[in-house]
Amino acid sequence: VYPDGKMSQHFASLKPGDVLEVKGPIEKFKYSPNMKKHIGMIAGGSGITPMLQVIDAVMKNPEDNTQITLLYANVSPDDILLKQKLDVLQANHPNLKVFYTVDNPTKNWKGGVGYISKDMALKGLPLPADDTLILVCGPSGMMEHISGGKAPDWSQGEVKGILKELGYTEQMVFKF
């Protein structure tokens, strides 16, 4: 349970027999094979969910030549969802590169440390270009830092944060 985690606190408050209503799936992003040469992804925590759907679509299609780079941030190594699956996909697909970073590393942690920085984005993401797309999904604080949040009407809104500083435009960024 995270101190600022609205969902984790809510789930922790549930008792056996409580009911939780969910909706979905709701298509927010339609992927098509080879739609972009390179897709960069920035995910925080459970924000890996839509990223994994796109990764799976690319990796399952031998005709899809899309390059994918994933920057995946979590609180600790134990919080990394689907790490084993991502590591296997990366080992078997040269067009997938995954970089992990955590706020609280263990003594034998070999990945990045801290929030996703401008330097991490420069090293890990494709450069801004017409054949580049950056997908972003994570907690609101991370979204503000990386790309800016969505507009009040839930449209994509303008690109802010690190991605704006690096020269990405609204046409190059999709916020989940």
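For all residues, glycine too, the Cβ spot is worked out from N, Cα and C.
If you look up TrEMBL, you'll see LYS6, MET7, SER8, THR49 marked as FAD binding site. The domain 'Oxidoreductase FAD/NAD(P)-binding' annotation in TrEMBL covers 41-146.
Mean pLDDT for the domain 'Oxidoreductase FAD/NAD(P)-binding' (41-146) in the predicted structure: 96. Counted over all residue pairs in LYS6, MET7, SER8, THR49, the record's binders of FAD, the longest Cα to Cα distance measures 18 angstrom.
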